Every structure is written in C-alpha cells, then in structure tokens.
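Below is one structure, written out as structure tokens; the observations come after it.
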C-alpha cells in the first residue's frame, strides 16, 4: 500500500459521492449519537461564515429539528455561536450563514478580551507571544467558550474538520481540532461544496477564499498560501489521482508532520512519531 492509499483509507475519503446520501449520512450520524446519550440536549458549533462551519451548522440544525419532531423532546436545540475577535471583517458572511442555517439559538461571545487577558498574564510571567502563537490562542479561546456553553446546556461540541483539512493538520491542536463529534469527516473540500449546493446554500458562502484568519500580522491569509498547495491539489490527492511529485510530496509532508494532531496524547505504546 502506498502512502497515498494509506492516507485515503485512514481518512475515509472517497473519489465520488452522492451529495444527498452524504447529507443523510451526516444527519443520521448526529441523531444516532444524541439518541444513544439521551441526557445530551444540544449541539454547539462556532459559526465563522466560511464553508465548513456553514455546512456543519446546517447539518446540525437538520439533525436537531428531525430528532425533536420524532421524539417530541422540545429541550433539544442547536446553538450557533458567533466568536469574533473584536470586529470580524467578513461579519456579513457570518450573518448570511446564520440566515441560511436558521439555528434554534444564536449566542455571541467576543473573545478579544479573554485573549488579551491571557496574553498579558503570560507577558507578566516573562512569555511574549508571537503573532502565530497568539493566533492559536484565539482558536483555543473559541473552543473554550463553546465547551462552557455545551457544559451549561447538556451539549456536545460539533467540529468542522474534514479530510482536506485533516490531511494537512490545518487546525489548532486543542483549538478548532478539539471537538466531540465531526460530521464532515471523510469529505474533501469540493465535496463539501457539493453538499452545500444541494442544500441550497448561497454560493458566496462556499465559493469564498478559505482562510483561518488567526494572525494579526497576516489578516485573512488564504489557507492555500499557508499550505503551499491548493485545495484542488489536496482533493485530487484524496480522490486517488496522480499529482505532480513535488505537490504530492508537500501534501504527504504535511500529513506526516502533523500526525500528532490526529492522535490523543502520545503514550509509550505509540510509535507513529518515529517514522
């Protein structure tokens, strides 16, 4: 088995999908999890206005609405959380995503004060954060807020990770990567677009340039610029296509280097890090 085949298998990626079937699969997956643990009453997700959170949010709301109708349990709810750092540049996209998702409840938690307080506490301890590390601080603060909300609403935190993101480890460890349940796992980026199109999502929400937008010094830095490869490259790789060797090497380099992000804390029984 080649490394490409190993990666495709590990991430559950497929070269072709039926969007309607994958929508149903994700919704049923979320419903089944909640039914297994009836003490859970909410799905919680941060909405950024980008493709991934818009899709995960819509699927979550669909799952909650169906389960509420089927069980008569009106305590079930989907909570969409806006988590700006100060004022978000693409706030209108966030509002458009909320309008498309139609969540049961919307909360807004501005994380700027918490991030600055944490940064100041570290500064007083003699640690000055770099812009990159401050970006990770933002991602972790967002996740902390979501878990606090989930804790107070008997909920679970929904993640937006998918195969095209997982392969490169393009997420913050214990930040946006630290979630309870990931309904998009297995899909690549273009397949996520197919699901949103099938759901009737406004095109600008899934055709916009993907960006984590975590760094102050490089605002709205495109994911593809940070990675050195395009999502089309990554999707082609995950679909089993043959790529330029240099591009394939870059993708595989990211996969190997970020394996620790896809694992629980390393123990003496792990050896993946030795390769």
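For all residues, glycine too, the Cβ spot is worked out from N, Cα and C.
Binding of deamido-NAD(+) is annotated in Swiss-Prot for 173, 180, 260, 261; the matching candidate from 140, 142, 186, 190 at the same site is 140. Site annotation for ATP in Swiss-Prot covers 46, 47, 48, 49, 50, 51, 52, 53, 160, 189, and the matching candidate from 2, 71, 211, 242 is 211. The binding-site residues 52, 165 differ in how many other CB atoms lie within 10 Å of their CB, and the one with the most is 165. Looking only at the binding-site residues 173, 180, 260, 261, the one with its C-alpha closest to residue 160 (ATP binding site) is 180.
Ranking the binding-site residues 46, 52, 165 by the distance of their Cα atoms from the Cα of residue 140 (deamido-NAD(+) binding site) places 46 first.
Taking the C-alpha atom of residue 50 (ATP binding site) as reference, the shortest distance to any of the binding-site residues 165, 173, 261 belongs to 165. The highest number of surrounding Cβ atoms within 10 Å, among the binding-site residues 140, 173, 260, 261, is found at 140. With every protein chain in view, the residue among the binding-site residues 46, 50 whose Cβ has the most Cβ partners within 10 Å turns out to be 46.
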